[in-house]
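These notes concern the structure reproduced below.
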There are 2 protein chains.
Amino acid sequence: MQNAPMHDVVVVGAGLAGLSAARQLTAEGLDVLVLEARDRVAGRNEGAVFRNGVPVELGGQWVGPGQDAVLALIAELGLQTFQVYDAGRSVLRIDGGLRYAEGGAFGLPDTALAEFTRVQELIDDLAAAVDPADPAAGPGAAEQDRVTADAWLRENVRDEAARRFYDIMLATIFAADTCEFSLLHLLFYVRSGGGLVRLMSTIGGAQDSRVLGGTHRISEAMAEQLGPRVRLRCPVRHLEQEEGGVRVHFDGGAVRARRVIVALPPVLAGRLRYSPPLPANRDSLTQQMPAGTVIKFQVAYERPFWRETGFSGTALNLDGHVGLVYDNCPPDASCGVLVAFIEGTHARDAADLTPEQRRQLVLAELAGLFGPEAAEPLDFLERNWSEEEYTRGCYGGRLGTGLWKRLGRSLREPVDRLHWAGAETAEVWNGYMDGAVTSGRRAAAEAAAALAAEPAGSGAVAAGVSTVAGTGSA
Amino acid sequence: MQNAPMHDVVVVGAGLAGLSAARQLTAEGLDVLVLEARDRVAGRNEGAVFRNGVPVELGGQWVGPGQDAVLALIAELGLQTFQVYDAGRSVLRIDGGLRYAEGGAFGLPDTALAEFTRVQELIDDLAAAVDPADPAAGPGAAEQDRVTADAWLRENVRDEAARRFYDIMLATIFAADTCEFSLLHLLFYVRSGGGLVRLMSTIGGAQDSRVLGGTHRISEAMAEQLGPRVRLRCPVRHLEQEEGGVRVHFDGGAVRARRVIVALPPVLAGRLRYSPPLPANRDSLTQQMPAGTVIKFQVAYERPFWRETGFSGTALNLDGHVGLVYDNCPPDASCGVLVAFIEGTHARDAADLTPEQRRQLVLAELAGLFGPEAAEPLDFLERNWSEEEYTRGCYGGRLGTGLWKRLGRSLREPVDRLHWAGAETAEVWNGYMDGAVTSGRRAAAEAAAALAAEPAGSGAVAAGVSTVAGTGSA
């Protein structure tokens, strides 16, 4: 054990954040090892294949304009994107009836649509004033932090249908109900992604395009470049500070590193063991930045039958469990695919059903939106991300009332030789693939700068002793 | 490993809950083993001794009328209680000035006191309607669950001083700011403890009495009775379901059990590894039932100088970091002791200070309340419970908006052969020592009933296989 191999940096987690960090550090000539718990890379980007051979994503699947880092990375890795299909009429289910609309009108009644737009502009104005580097610092932040998004919406949205629309639409963005995060978290997230309409939109927005073959190919391509620097089936359990570095214990072994980048969602980072234990405020953050709650369904049909009657495949459902549906066909439309989401409280209810009950529930609601053909799929895949031991919820972590102000600083602040990456730590496109990529690079830059400032060998040992002692006395 | 010893029940955690469970099961003739991570028992009841030999508590320290289970246990174990000192004038610091009062008047101005009382009666009325067995089931529960206690107070308390008083007073009860828990959680907790005045009060309330020698002696006395059935320095890391039982892996070994009682706070329970992984909703609960944030100070003086000028030692401070102070002298008043608390957001600020800075801060605020003598202690002890690796926050876990309704059921619901104990799972005196004791007994009864229903030997194996398979397919 004493002679476990010493790396410049060990990265915990081979999702987009961890692999982006490792790739950057490797390019700078540093010796990096990535330890991944699963038998695959890509974390919340999991690929699957329908029985007919069409690839599809069980996790994060969209990229869009403004996500410059991930789009450049995709191009650099030789992968291709294609725009989603969203032509024709969308469907809104409300009060037991269906309403149809072209473009971005959602099918809301005129008064509700006007109120939606007024509030959207208000949210965007408030969001524009938030500093994404320090959301708790703004002039209105103290008040925005202590109020739930739900409470704010109930006070500010003056139309019942518009309010219900916001509840469901925001639940689809956060995979959480609006009473589960603060107004400040909503505003920060909107600011981070460049506006509410962008977060909501397919074409031109955050759901604009997909990666040919699946988003997991981004991580796979990076892992191929990193080669033996990525080790699968190595769940890290314990990070132990010692003289001159950190001993990283995983199932079946241990390695040493001068710096460690923990590229896990905050909840999972909080479940590692640390010696010495993490400071109170960092640990406290990991106790209360829960992951979202979402079950994702990919449903294959012989053909995209909804297109034939002028439907886009986009649906928002204010009545049922399935909140949001999109057309998710392959670019050649060789088969039809609908992607459907159950989120927030509905996902918790649905988690208690059997897989067959959930299938029946989803197909019945799809049939209610698109007609009886939707109940006769070729294939049906689901993923409840809250069940995944090495993810425990999607899309990203959120902060409830009071927490940005009290604990936000602990999101990124390094602890001894530990640096924190992951989509939750991003300033720009927080919670998205783009944010994951830039978070990994930010943590890599931190680690590289720390290594450059610290002479290797005896100098590193001395620095290590001093850092550890400083924490021990806290 | 295959032949690791098999126990009827393994209990994880030797706090009041775990030891109460083990004691009851042992009395029923079952073979029990308690595994404790620390080198001591008693969990959140930690004893300490001033340099002058006077014992004092770094954690939970009071019992009171209505806490029948813990009071009976104390008597049964041959321990003694003594009532606290709370005679004379209390101090309220507000707007930079000091106000004094006798009895329960707190020194609030008359209008503020009247408003405090009106709202207290309103809270007690609402709380009385909550079913502590299922807080989310009540008629007003959906609305109470989605609103923070803070938002409700701002809407309902019509006097500024009364509102600030509520903010600090509730922070001292929950070790959290009022925006960090839901109105329903407040009402449940008040109902669980038998009324707001009871939770706030010394004489006749939840802070009525102490245990001679310290509350940790309750756990120590139970551990003595259990003898070798309690093993210290055995941090449990992994609970693995297998044929006929659970394999319990701890640092340095493994044992097997037909049933396991996890007697840890929800956060720490969520940090164990489970095979198969826990169901989505149970895991999700552990992601968002954070522990409170409190730093407790025990300050010794030559004599209780405040008593000499007619002060009780009780102080509530609306201006500073220290929110609450009580007289905490030994029964013979052989020295003076003040106990002081920094809670919620103030505790997070104070966690970033050095121990010496914190000492200066606390002594300065005590001097502001009780005069310059308070700045000259004989001895000074502190415990930041959020720093404790095997506690990570006091007093208890709380639920934010939306969570009682969505995840409350997962608090106690067994998973396969695993049962959940701990003060957070109690219906009566939730979060208090009394609740910890009854929670352990409730989990013990569950485990004993399950064992009685399941024939030992091959029958147990068959039942085990079926249970595990049921989870695997979920």
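Cβ coordinates are placed from backbone N, Cα and C, and glycine is handled just like the others.
Keep in mind that TrEMBL annotations are predicted by a computer and have not been checked by a curator.
Under the heading FAD binding site, TrEMBL lists B:Glu36, B:Ala37, B:Val236, B:Glu424. Residues or ranges marked as substrate binding site in TrEMBL: B:Phe341. As annotated by TrEMBL, domain 'Amine oxidase' applies to B:16-446.
Features as recorded by TrEMBL, highlighted on the structure.
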| residue | record | contacts (Cβ under 8 Å, 6+ apart) |
| --- | --- | --- |
| B:Glu36 | FAD binding site | B:Gly13, B:Ala14, B:Gly18, B:Val230, B:Arg231, B:Leu232, B:Arg233, B:Cys234 |
| B:Ala37 | FAD binding site | B:Gly13, B:Arg233, B:Cys234, B:Pro235, B:Val236, B:Glu389, B:Tyr390 |
| B:Phe341 | substrate binding site | B:Thr172, B:Ala175, B:Val294, B:Ile295, B:Lys296, B:Phe297, B:Val322, B:Gly323, B:Leu324, B:Val325 |
| B:Glu424 | FAD binding site | B:Pro265, B:Pro266, B:Met289, B:Gly396, B:Gly397, B:Leu411, B:Asn430, B:Gly431, B:Ser439 |
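Just so you know, the Cβ of B:Val236 (FAD binding site) picks up 24 other Cβ atoms within 10 Å once every protein chain is counted. Secondary structure at B:Glu36 (FAD binding site), as computed by DSSP, is coil. Secondary structure from DSSP puts B:Val236 (FAD binding site) in a beta strand. Per-residue pLDDT, averaged along the domain 'Amine oxidase' (B:16-446), amounts to 97 for this model.
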